[in-house]
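Enquirer: Got a structure here, written out as structure tokens. Questions coming.
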Amino acid sequence: MLRKLQKYWKKSIIFQRFTWMIGIVFIYMLGRQIPIPTVGVDKVVVGNASDSQLLENFGAITGIQFSNMTLFSLGIGPTMTMMILWRFLITFKLIGSWTSNKVNRLQFLLTLAIALLQSFGITNDSKFLLIFGYSHSTLRIITIILLTTGTFILNWLCKINSERGIGGMTVVILVNMILTFQSNIIRYFSVQQFKFSSLIQYGLVFFVALSILIWFNILLYKGEYRIPIQRVGLNTPYHASSYLPIRVTPAGAMPFMYGMTLMMLPPYIFVVLLHIFPGNQILEYLSVHIGLSQLPGVICYIFLLYFLSIGFAYYNYDPYEISKNMRNNGDYISGKKPGEETIKYIQYVVNSFAQFGAFTVIIFGGLPMLAVLLQGQGKNSVSIALLISNAYIIVSLLLGVIEQVDTMNSWKKYKNLI
């Protein structure tokens with residue numbers, strides 16, 4: 001049996017990568033259970049239990065933990081925040097033709113700075129165990145170092161998964177989302193204390209609603225607008241079917257993922273600023289009302305989702321770069337002159353679908369939370385409202401992983417020439 005598995009493991013690339021992925025997920029789950037020795041295992045990291053649960057639901061993308069302090073409490077939040085800042089630097093041409101070593105060095109320093117900032121914020125309200133005669137400040141510094149180290153260990157695991165496994169960083173995000181999705185459902189039904197008959201009814205309604213949501217997400221993910229293109233000097237039976245695909249939702253699930261990550265950053269910044277300017281009423285007001293359990297925070301989140309949807313749409317489909325590549329390859333759009341006219345036409349198409357994608361993202365992510373707050377419901381209801389956007393993210397990421405596996409198996413579709 002073991003020999004058969006060993007032979008199959010050597011022959012199957014998918015099985016090899018799947019094994020690596022499972023191993024890395026196991027290490028990640030193990031790291032989530034390793035406590036930081038300077039903080040009690042039963043201590044809530046920030047505020048009260050309900051606040052920490054809400055923050056964890058919002059930080060499900062990055063895997064951040066507020067209910068207890070573990071090696072991977074920061075998750076991949078610093079890395080994702082760095083990636084957002086890096087994309088802004090590239091978009092605004094603030095980074096030239098740098099060498100790979102210089103790029104890696106700057107990305108490392110940015111990640112380190114963000115990890116230290118988040119570690120400082122997450123340890124602000126922590127209750128440390130006064131052990132070995134160390135002072136409170138010393139224990140906090142040790143905790144910050146351990147949390148930052150855990151972040152870079154997790155980044156290393158994600159890099160290994162990208163090289164040898166399946167999904168790269170996406171797998172870590174998927175694990176976090178599924179765990180949070182499951183815990184939210186269990187917590188909601190346990191708090192409501194439904195009767196058995198009511199539980200079955202609500203369960204069926206939830207299942208039907210979730211099925212419709214998944215179906216609609218798949219429809220949006222696979223939907224695309226095809227711009228017919230002509231290829232100069234190409235005369236084959238397939239040249240007439242050449243096209244430029246533009247997805248119906250050009251930004252995909254990235255506005256949700258990076259929007260949640262960015263919304264986790266202001267609380268840390270306000271913690272640092274309140275240490276520098278204690279008693280500042282403006283900072284105190286912002287630190288309290290910028291959260292998603294408050295109306296100003298939800299409104300900021302909706303605007304952030306909109307701008308991220310437009311930004312990522314143009315990042316994924318840059319009209320200038322697309323037009324430039326088409327001209328270099330001898331391709332053109334029928335009825336459109338290469339150059340400025342082609343750029344304007346592609347920009348018009350991308351902008352149309354970017355606006356539609358932004359509208360869809362706001363409906364899935366912003367409106368449910370806004371409705372819950374306007375009805376005056378509690379923080380648990382906000383967590384339930386986040387389930388809609390979480391389901392959207394999970395489906396999108398799973399479809400991306402499935403596409404990667406299909407690409408690996410694409411060689412099986414071709415017959416041997418010899």
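Placed from the backbone N, Cα and C atoms, the Cβ positions cover glycine too.
These numbers come from a predicted model, not from an experiment.
Below are the features I grabbed from Swiss-Prot:
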| type | residues | note |
| --- | --- | --- |
| TRANSMEM | 21-41 | transmembrane segment |
| TRANSMEM | 72-92 | transmembrane segment |
| TRANSMEM | 112-132 | transmembrane segment |
| TRANSMEM | 141-161 | transmembrane segment |
| TRANSMEM | 166-186 | transmembrane segment |
| TRANSMEM | 199-219 | transmembrane segment |
| TRANSMEM | 256-276 | transmembrane segment |
| TRANSMEM | 295-315 | transmembrane segment |
| TRANSMEM | 353-373 | transmembrane segment |
| TRANSMEM | 382-402 | transmembrane segment |
Enquirer: Look over the recorded stretches 21-41, 256-276, 382-402 and say which has the most C-beta pairs under 8 A to the transmembrane segment (112-132).
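Expert: By Cβ pairs under 8 Å, 256-276 leads among 21-41, 256-276, 382-402.
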Enquirer: Let me check one thing: do the transmembrane segment (256-276) and the transmembrane segment (141-161) come into contact, meaning three or more Cβ pairs under 8 Å with sequence separation of at least 6?
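Expert: Since fewer than 3 Cβ pairs under 8 Å link them, the transmembrane segment (256-276) and the transmembrane segment (141-161) do not come into contact.
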Enquirer: Short question: most Cβ pairs under 8 Å with the transmembrane segment (166-186), which of 72-92, 353-373, 382-402?
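Expert: The stretch with the most contacts is 382-402.
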